[in-house]
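S.K.: Annotations per TrEMBL:
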ACT_SITE  G:ARG90  active site
ACT_SITE  G:GLU93  active site
ACT_SITE  G:SER116  active site
DOMAIN    G:77-149  domain 'Cyanate lyase C-terminal'
10 protein chains.
Amino acid sequence: MISNRTQVTEMIRAAKVAKGLTWKAVADAVGNSKEWTTAACLGQMAMTKEQAATVGELFGLSDEAVAWLQIVPYKGGESDTQHKDPLIYRLYEAVHVYGCAMKELIHEEFGDGIMSAIDFDLDIQRQEDPKGDRVKILMTGKFLPYKVY
Amino acid sequence: MISNRTQVTEMIRAAKVAKGLTWKAVADAVGNSKEWTTAACLGQMAMTKEQAATVGELFGLSDEAVAWLQIVPYKGGESDTQHKDPLIYRLYEAVHVYGCAMKELIHEEFGDGIMSAIDFDLDIQRQEDPKGDRVKILMTGKFLPYKVY
Amino acid sequence: MISNRTQVTEMIRAAKVAKGLTWKAVADAVGNSKEWTTAACLGQMAMTKEQAATVGELFGLSDEAVAWLQIVPYKGGESDTQHKDPLIYRLYEAVHVYGCAMKELIHEEFGDGIMSAIDFDLDIQRQEDPKGDRVKILMTGKFLPYKVY
Amino acid sequence: MISNRTQVTEMIRAAKVAKGLTWKAVADAVGNSKEWTTAACLGQMAMTKEQAATVGELFGLSDEAVAWLQIVPYKGGESDTQHKDPLIYRLYEAVHVYGCAMKELIHEEFGDGIMSAIDFDLDIQRQEDPKGDRVKILMTGKFLPYKVY
Amino acid sequence: MISNRTQVTEMIRAAKVAKGLTWKAVADAVGNSKEWTTAACLGQMAMTKEQAATVGELFGLSDEAVAWLQIVPYKGGESDTQHKDPLIYRLYEAVHVYGCAMKELIHEEFGDGIMSAIDFDLDIQRQEDPKGDRVKILMTGKFLPYKVY
Amino acid sequence: MISNRTQVTEMIRAAKVAKGLTWKAVADAVGNSKEWTTAACLGQMAMTKEQAATVGELFGLSDEAVAWLQIVPYKGGESDTQHKDPLIYRLYEAVHVYGCAMKELIHEEFGDGIMSAIDFDLDIQRQEDPKGDRVKILMTGKFLPYKVY
Amino acid sequence: MISNRTQVTEMIRAAKVAKGLTWKAVADAVGNSKEWTTAACLGQMAMTKEQAATVGELFGLSDEAVAWLQIVPYKGGESDTQHKDPLIYRLYEAVHVYGCAMKELIHEEFGDGIMSAIDFDLDIQRQEDPKGDRVKILMTGKFLPYKVY
Amino acid sequence: MISNRTQVTEMIRAAKVAKGLTWKAVADAVGNSKEWTTAACLGQMAMTKEQAATVGELFGLSDEAVAWLQIVPYKGGESDTQHKDPLIYRLYEAVHVYGCAMKELIHEEFGDGIMSAIDFDLDIQRQEDPKGDRVKILMTGKFLPYKVY
Amino acid sequence: MISNRTQVTEMIRAAKVAKGLTWKAVADAVGNSKEWTTAACLGQMAMTKEQAATVGELFGLSDEAVAWLQIVPYKGGESDTQHKDPLIYRLYEAVHVYGCAMKELIHEEFGDGIMSAIDFDLDIQRQEDPKGDRVKILMTGKFLPYKVY
Amino acid sequence: MISNRTQVTEMIRAAKVAKGLTWKAVADAVGNSKEWTTAACLGQMAMTKEQAATVGELFGLSDEAVAWLQIVPYKGGESDTQHKDPLIYRLYEAVHVYGCAMKELIHEEFGDGIMSAIDFDLDIQRQEDPKGDRVKILMTGKFLPYKVY
């Protein structure tokens, strides 16, 4: 009996190590970006029937688990326990240090509103650099102005 | 008597509204990017003597305040009280939702290590889009591998 | 010297009691809904020059304060200290008790995504009822589907 | 041995996915609103014997589980771990941003007291809109004045 | 300039010590119970014009302060910083130890619902006892059944 | 192997639902008040050998579980996870709103000291009322003066 | 205007350093133990008129401050911000490490109940020791058995 | 497979109830004080081979569990979940109320430094008293002066 | 099925006690420092295939567990529950007391930037001392200057 | 009126910027290490009369402030608000990642006990390195074994 999406994420994590799969290979099979696909496998996005079937086959999941992949998950919960991981913490730290500057500059350019985290995409690349390669993270999100009524 | 950098940030915020300055104009005068300059004015970066003098003149700061601009600040503290601001929260939410995926993909590409938040830069632009303009946030940080010894 | 929007909110609160104004009268003068206008006066929305001038006149604010009314505020912070107020707590409790049900039903109707809290409006009315009048709170927010890429 | 209501909620969630049921179908069978019925299935409301029997049959629950559906549950606990889910968070954010305004306006209309979260109902609908359909959430709760004695 | 009710509470506390008043004397002058009157003076209840005038005269408050006494306050906030006071903590401890028992017994007697904390009164008395006098706290609150719809 | 009292509470809760017992019936069998007996069954009080035997028989507990009923429990822990239950929260809210008033009035009557939460009893009754029955909660605790030395 | 006891504690702390007084000298003048007297001066105990007069003279306090010394204070709040002080932390650590053992042993000797922290006294002495002098802390508190009813 | 010391503590707690042992009897068999022995059994101290063998025999532990008794444990963790137990809380409350006074008096007698919580012993006794027996807790810890360098 | 690295750490802890291994012996077999090797076994570092094979053989781990040793772990999470252990707490306390001084002195020597915790090594030694041996902890980390752009 | 040591730290911070002093120069004048002296100026250590006089002269402090420098301070509090500063956070992160390894290795070498944070010293140096200079932090603290009694 599977009663929440987290159990499926654990099955996927276990199968990934046991089978030696990479997220890129999973993304190629699914036909979406590696960023969306990885987040989806880790329980942050809902999959279509076809996407779920592909993922289920790759990881050897049961039909019940494949059904759960198509359910809209409770998102955002997992990273809390992982807040102190140094890689993830650096992302939070960038917001601690630059959060106000980002707010000020986005308002200066767009006025009052926010960058959507829903109509949003993410792209992570290696940027070669003779002084040491860099991680390049590109986020774009639709600007949503506050409604005045 | 000025006993911490936050007091200078308050003077800058007050003067910015009173004088109607924009961060872009400040950055142009200082000669650095708008992202670094805004963060520096908001107390997240230390300025050189010349940068501080320029900022002091623009905002009409006292010599004591200008001296404080050159002191390495205690960083990261201000955004805590602003954690619930919807614009800033969306940045945290992107990490809540995508943090694990970012970790997995960076390790898949680079191995064990982190993206530096120190040897790091940030670029915020408007990306025109017929379905509604988008906020584009580009971060790059040097990849730092864990030392094995 | 005014260095943050909270100081202006305090001036407005003080003047409102001293002058015996109602929020409805303020909203009528501004020409927007009472919900938006009250939130704006309490530091949650940015005003246009005209809106700010009207509000400034009603509450007897200085030019500096009127300038601050036009700055995009850091939102969402004030209600934290007021989390235990019984009226406000009931709103949180409604989410504690019904939050999962709301999530499930919105996904059942719309698929994966959220109700925007930005392209959002709020309407509060008295609903007469022989068993005791009721507070009627109507929220509408644009449905935003998660982007798949 | 079932020792708390949460275990029954997990059974219901598992059966719902396995059987592909919708909350609306459950509500129709029970004969109450979809909002109340979903909340009740998720462990926030107590059911009558008849309601519990219907739900038990739909989800294939044991007699012991059906007995637990009739017990007054410990409410409000589940949504805490789901506080960071973007859909649920937007509901909290609406209170962060508008909580004080709601308080001020309800007092302006009704005097001192609260909107009940017990003598309370909830209605969620799709509001069609050419600029994108909207989620419409309507809450009504009895106004309860503070007792003076 | 008085911008919140807490400032008036501080004036009342200062004047009470300076003038050597008792809460009972204040309650007698106001004409309400000592429990309601003390809570009202400490910023938890709104007063009528007459009540406020009486309190203002007893404590020597300004007109502005008297006006604030008639405003519905943000309630419940003050006791948080006083959570560790041994007398107040014992009240919380009684709930820690007996909270579940109270819930179970109220549901056994009344069914699903709550005891109102709004349509609520409180009475504190000395109960003489040869083994040592006892504090007697009597609370009554209207039972409110959950609405089924 | 039973290694803490919470496991026995779970057995009691499970058996209570399965057997359809009421707390009043349990209290009558034990021969103590319903308030003390319910708290004791829920792991907040230690029982004598006779009390434990009676409870064990009613709920069909093993000898090991009956032995645990006689052990002084770690008290107060269970209600924390249930802090957001609306019925229990109202009890905390009464302290948030009236805590300072209770402190002031008890000191005014008794001087410095506290109401004991140990030499303490609790009585919960239905108070009939034409405007809707009321929950009546009566607490008495010995006044304990602070020792001066 | 003095509106809380903490302000008087600050006056006492300032005067103690300025005048170079010791707590022992204060205690001798007051005629109580150094432990009670120090706690009282730091805002944890209420003083009689005579005790307050003596303390007021020693520290040069105003009549208003002397009146506040006789008011029952909100206790226990100050040490929270000082939780990380190494000397104070060691006291908490002793409870972290030995708390359960103390509970078990007190129950083994006395049965169910607590050691009072109200009918309680404290004695701190130097215990000479050739391997390094020791701090000796002696606490006694009345045992209070739980009431069964 | 035993993977942490807490599992052994649970075995000891279960066996203690099942066998009806007292901590004093365990301490006598081990040959150390009841305070040290109880803390050690509850996972706060490491035992020698002989101490572990004695404890293992008394509680009927496996060899693996006996091996774990000799491992230095992660200390201090257990009491956190038990912070609200009234007996343990009173110990914390004594520090809330007297912590600053203890700090001031120890510094007045010894200068800057702390009382060790490592080179520390604890003694708990019944102090007979006609007004009600008292719990007597005696702690001594070596004074450690801060190093100046 | 192993679904996270923590499960492997538990296997290693269990095997270490059962087999009586020392961390030094493990480090010698692996061929790295005892500090890195211990952290790696405890789930803080990723191992190469050879390192994992050696560790797997020493502790008798399954192939699946050995595969997990090569996965980059979620780091930093385990020590949170162990925050109150006295040995670990002293490390945090050193930062509480000296953190600002360390910051000031590093900036005075190096300018704005940080000491890397990634390009970092740690060395722990016994330093003999006639007044009692000392623990010597040596940390070195690359200085990383903040990027100005 | 100076009522706590934090006020003196603020005076020192203000004077240090205004006068352009370095911590090394202060330490040389005082005659102690730069680590101890900086911590002492920042309110973490008590000074002798001579040390305080020297510091007072360098920073131009009043006699009252100089008297406060000789009082044992409440330590450890300031760094809390600065927990998110990237330089200070890396020190905490080193404990998050290596804390358990440090504990295990110190126990393996020394047995049960701790490294003192009181009989403790700290040395911070630049370590030149062709790949980028390193920060070298050396801590030594006396090993304190747990007392068995």
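Using the three backbone atoms N, Cα and C, a Cβ is placed for every residue, glycine included.
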S.K.: Inside 10 Å of the Cβ of G:SER116 (active site), count up the other Cβ atoms and send me the figure.
M.R.: 22
S.K.: Where does G:SER116 (active site) sit in DSSP terms: helix, strand, or coil?
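M.R.: G:SER116 (active site) sits in a strand per DSSP.
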S.K.: Just the number: how many Å between the Cα atoms of G:SER116 (active site) and G:GLU93 (active site)?
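M.R.: Per the Cα atoms, G:SER116 (active site) and G:GLU93 (active site) stand 20 Å apart.
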S.K.: Compile a sequence-ordered list of residues in the same chain as G:ARG90 (active site), six or more apart from it, whose Cβ lies below 8 A from its Cβ; state 'none' when nothing qualifies.
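M.R.: Listed in sequence order: nothing, so none.
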S.K.: Tell me, by DSSP, whether G:ARG90 (active site) is helix, strand or coil?
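M.R.: Assignment for G:ARG90 (active site) reads helix.
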S.K.: Neighbour count, 10 Å Cβ-Cβ cut-off, for G:GLU93 (active site): what number do you get?
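M.R.: That number is 20.
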S.K.: Could you tell me the mean pLDDT the prediction assigns to the domain 'Cyanate lyase C-terminal' (G:77-149)?
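M.R.: Taking every residue of the domain 'Cyanate lyase C-terminal' (G:77-149) together, the mean pLDDT is 94.
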S.K.: Under 8 Å Cβ-Cβ to anything in chain I: which of these active-site residues pass, G:ARG90, G:GLU93, G:SER116?
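M.R.: Correct list, in sequence order: G:GLU93.
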